[in-house]
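Working notes, structure below.
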Amino acid sequence: MTLEQLIPLIIMAFALGMDAFSVSLGMGMVTLKLRQILYIGMTIGIFHIIMPFIGMVLGRFLSERYGDVANFAGAILLIGLGFYIVYSSILEGEETRTAPIGISLFVFAFGVSIDSFSVGLSLGIYGAETIITILLFGLISMLLAWMGLLLGSHAKNILGTYGEIVGGIILVGFGLYLLFPI
């Protein structure tokens, strides 16, 4: 994989991880032990590996069957997801969050990683390198979740909704790039 291929994946991983960062930032304002912070971040990272992997496998299948239509659909999916993230971030704003434990942690991790399924679907259609992609998504999301939890425990409302909006805008940009390559 070339650096030219790796850089967009890293940027996309940061865009996806901004959702986990923003939510973790708010959650970090709840008193958490370091072990809880580590566990929450690792769970989010694992889900950011599993969800895009499933999406990429499905995306490759669709690409082999439907070719150009699948490419167009993948780009539209990224654009739609990006707009949805921006819209829902503005509409919902900040909400009170509590630290997830047990099953609620898995539901939480699933919720913040569902967008990575859609991105994985798009990347599968375009034939992105699976192992590198999912490991980048997982690692960066885990690190951003840890950062959000730690920063949230020290300061309030650093990024909040704006972090999610930036992530959504980046996804729209990548969708447009896939539709209209430079």
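Using N, Cα and C of the backbone, Cβ positions are placed for all residues, glycine too.
Quick look at what Swiss-Prot annotates:
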type	residues	note
TRANSMEM	6-26	transmembrane segment
TRANSMEM	37-57	transmembrane segment
TRANSMEM	72-92	transmembrane segment
TRANSMEM	101-121	transmembrane segment
TRANSMEM	131-151	transmembrane segment
TRANSMEM	162-182	transmembrane segment
>> Take the C-beta pairs under 8 A between the transmembrane segment (72-92) and each of 6-26, 37-57, 101-121, 131-151, 162-182. Which stretch has the highest count?
In response: 162-182
>> Cβ pairs under 8 Å only, please: of the recorded stretches 6-26, 37-57, 101-121, 162-182, which one is richest in them relative to the transmembrane segment (131-151)?
In response: 6-26
> Out of 6-26, 101-121, 162-182, which stretch has the largest tally of CB pairs under 8 angstroms to the transmembrane segment (37-57)?
Replying inline: 101-121
> Which sequence positions outside the transmembrane segment (101-121), separated from its termini by at least 6 residues, show Cβ-Cβ distances below 8 Å to it?
Replying inline: 12, 16, 19-20, 23, 36, 39-40, 43-44, 46-48, 50-56, 58-59, 62, 74, 77-78, 81, 85, 133-134, 137, 141, 171
